[in-house]
Amino acid sequence: MGTPVKILVVRNHILFSVVVLLAVAQSSYLPPCEPVNETVAVEKEGCPKCLVLQTTICSGHCLTKEPVYKSPFSTVYQHVCTYRDVRYETVRLPDCPPGVDPHITYPVALSCDCSLCTMDTSDCTIESLQPDFCMSQREDFLVY
């Protein structure tokens, strides 16, 4: 009777080791949460053009987990790659009519962190528009 239990314990240990090894291997291939250069578009209601520029955003992989058994009484918190330290820059949009403030301020990521998503400052949706999407006429203004 002692042998089947011993084999089961060894199998569980091997299975656990394989799962841990695969998790570590997978995470080494995924880009970490860090500032990256990205082309983004900024626009403002009332101005006929959007400005396409280069800035630094937070992008990359954060370890998350989701329970196998979900309960309506529990809340799942997913960590996302988001801003830790940020600086704001202001640009002037071209061809804004009189009476419309042509200035717009956008964030520049200085450092990033895996934390809960703050909807006030981040787009936490599953499928969002591309960062360089414009609803109005595009004008390139590529700066870092």
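Glycine residues also receive a Cβ, built from the backbone N, Cα and C atoms like all the rest.
Bear in mind that the values here come from a model prediction, so they are computed numbers and not experimental data.
Residues or ranges marked as signal peptide by Swiss-Prot: 1-27. What Swiss-Prot lists as disulfide bond is CYS33-CYS81, CYS47-CYS96, CYS50-CYS134, CYS58-CYS112, CYS62-CYS114, CYS117-CYS124. Feature annotation from Swiss-Prot assigns N-linked glycosylation site to ASN37.
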Based on Cα coordinates, which of the following disulfide-bonded residues are within 10 Å of CYS112 (disulfide bond): CYS33, CYS47, CYS62, CYS81, CYS96? CYS33, CYS81
Other than its own, how many Cβ atoms are within 10 Å of the Cβ belonging to CYS62 (disulfide bond)? 17
Taking each of CYS47, CYS50, CYS58, CYS117 in turn, which of these disulfide-bonded residues have a Cα lying within 10 angstroms of the Cα of ASN37 (N-linked glycosylation site)? CYS58
Could you check which of these disulfide-bonded residues, CYS47, CYS50, CYS96, sit within 10 Å of CYS81 (disulfide bond), going Cα to Cα? none
If you measure C-alpha to C-alpha, which of CYS33, CYS47, CYS50, CYS96, CYS117 (disulfide-bonded residues) come within 10 angstroms of CYS62 (disulfide bond)? CYS33
CYS96 (disulfide bond): secondary structure state under DSSP, collapsed to three categories: coil
Rounded to an integer, what is the Cα-Cα distance in Å between CYS114 (disulfide bond) and CYS96 (disulfide bond)? 38
Counting other C-beta atoms within 10 angstroms, the emptiest spot among the disulfide-bonded residues CYS47, CYS58, CYS96, CYS112 is CYS96
Taking just the CA atoms, what is the gap between CYS47 (disulfide bond) and CYS58 (disulfide bond) in Å? 28
Cα-nearest neighbour of CYS58 (disulfide bond) within the listed disulfide-bonded residues, CYS33, CYS50, CYS96: CYS33
